[in-house]
Amino acid sequence: MTTTLTNLLDLDPAQLIAYCGELGEKPFRAKQLQRWIHQFGASDFDAMTDLAKSLRDKLKTRAMIAAPAVISDHTSSDGTRKWLIDVGQGNAVETVFIPEENRGTLCISTQAGCAVNCRFCSTGKQGFNRNLSVGEIIGQLWMAEFELRRTKGIEPGPKGERQITNVVMMGMGEPLLNYEPTVTALKLMLDDNAYGLSRRRVTLSTSGVVPMIDKLSQDCAVALAVSLHASNDALRDGLVPLNKKYPLQELMAACKRYLEFAPRDFVTFEYCMLDGVNDSDQHARELLTLVRDVPCKFNLIPFNPFPESGLTRSNNPRIKAFAQVLMDGGLVTTIRKTRGDDIDAACGQLAGEVQDRTRVQDRMKKMAEYQEKFGKNFGRIVEIPS
């Protein structure tokens, strides 16, 4: 007999209460269970000692706590850490931890590949395979938090020092094109019985899916970042193809609406600096006009070159001059420090070692090698003896 176990990482707080109700348990059991999973990193029901044995026995036959398997783990010379994560069928995504003084930021993925296909992003050149499940999204945070604690010898649980203080959905994929799993994962990040992160410390980055920006403002408004990268529609149409469907004026209006519900009083506009493409003083002046009615700040991102792009990075003097025009116009502007270049973890390089859809057979062979070395993937249908 083949039975599909329920992966409890897929359930938000309300869903976990409902699931426990189906097992004949009261709501407080769901909160206990949630704390064991998300605060203590437990994956063994027998370790959950304050749960009744009868409940633990039920869970062992009906449920699992299964994050995606880690294929590889690399640490950069600057402390940035990147995990390559197996999401099945020859697909992998990447999760990146960026340590800074008094904070630790985790960059997570929401899709295997990306359909938006921005010209300057290597992930989009790999094609789109599928959306990630809730468990595959929140599982990145679950895995990273407790792996970082284990590395440092920090105990699990709320008394242990939290390693991840900020989460950014800026990895592989467009979060708003995988809406329901993304929002469920966000709710878990914010819940006090799970990770308890402030809405101000969780940022969702989008290329500009206007209707879903409006929906997010009602369902789970977190800090918003927008991948802008151009100062006019003609330029953005070529860099971010989604702009043809949701042009800049519609996007700016959506950003203004979002701020009525957002935890921060500004939108962050991300702008990849491309030599001779979008980096002139005139482009900067156009930006000042474009965003004049949107409270915002700019984050200028030095481009990370890859062979298929045909693009090059703006030099440092040009980036600084561009930033100065924006600052002279009254905009808070930062220049992102590149991190993790030596392990291909920098922004735009999250293409994965096995995610090239143009070489399916090679990819599947490579994944089979990883499976043989690191063990069978988690999160699959499990055979239970009848």
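Just so it is clear, glycine is given a Cβ too, placed from its N, Cα and C backbone atoms.
DSSP assigns E94 (active site, proton acceptor) to a strand segment in the three-state reduction. Taken from Swiss-Prot, the feature active site, proton acceptor applies to E94, supported by sequence analysis.
The feature domain 'Radical SAM core' is assigned by Swiss-Prot to 100-341.
Sequence annotations record features per position, and here Swiss-Prot assigns disulfide bond to C107-C347. Non-local neighbourhood of C107 (disulfide bond): T95, V96, F97, I98, V168, M169, M170, G171, each in the same chain, at least six residues away, with C-beta under 8 Å from its C-beta.
Annotated [4Fe-4S] cluster binding site per Swiss-Prot: C114, C118, C121, in sequence order, evidence recorded as sequence analysis. Around C114 ([4Fe-4S] cluster binding site), taking its Cβ as the centre, 27 other Cβ atoms fall within 10 Å, counting all chains.
Sequence annotations record features per position, and here Swiss-Prot assigns S-adenosyl-L-methionine binding site to G173, E174, S205, S227, L228, H229, N304. H229 (S-adenosyl-L-methionine binding site) carries neither a helix nor a strand DSSP state and counts as coil. Long-range neighbours of H229 (S-adenosyl-L-methionine binding site) (same chain, six or more residues apart, CB within less than 8 Å of its CB): C118, F120, R236, L239, V240, E270, Y271, C272, L274, N278.
The feature active site, S-methylcysteine intermediate is assigned by Swiss-Prot to C347, with sequence analysis given as support.
Neighbour count (other Cβ atoms within 10 Å of the Cβ, all protein chains): 21 for N304 (S-adenosyl-L-methionine binding site).
Restricting the recorded positions E94, S205, S227, N304 to those with a CA within 10 Å of the CA of C121 ([4Fe-4S] cluster binding site) leaves N304, listed by sequence position. The Cβ of G173 (S-adenosyl-L-methionine binding site) has 29 other Cβ atoms within 10 Å, all protein chains considered. If you take the Cα of G173 (S-adenosyl-L-methionine binding site) and the Cα of E94 (active site, proton acceptor), they are about 11 angstrom apart, rounded to a whole number. On the backbone, the CA of L228 (S-adenosyl-L-methionine binding site) and the CA of C114 ([4Fe-4S] cluster binding site) stand 17 Å apart.
DSSP gives C121 ([4Fe-4S] cluster binding site) a coil state; it is part of no helix or strand. Residue annotation for S-adenosyl-L-methionine gives G173, E174, S205, S227, L228, H229, N304. The furthest Cα pair among them is separated by 19 Å.
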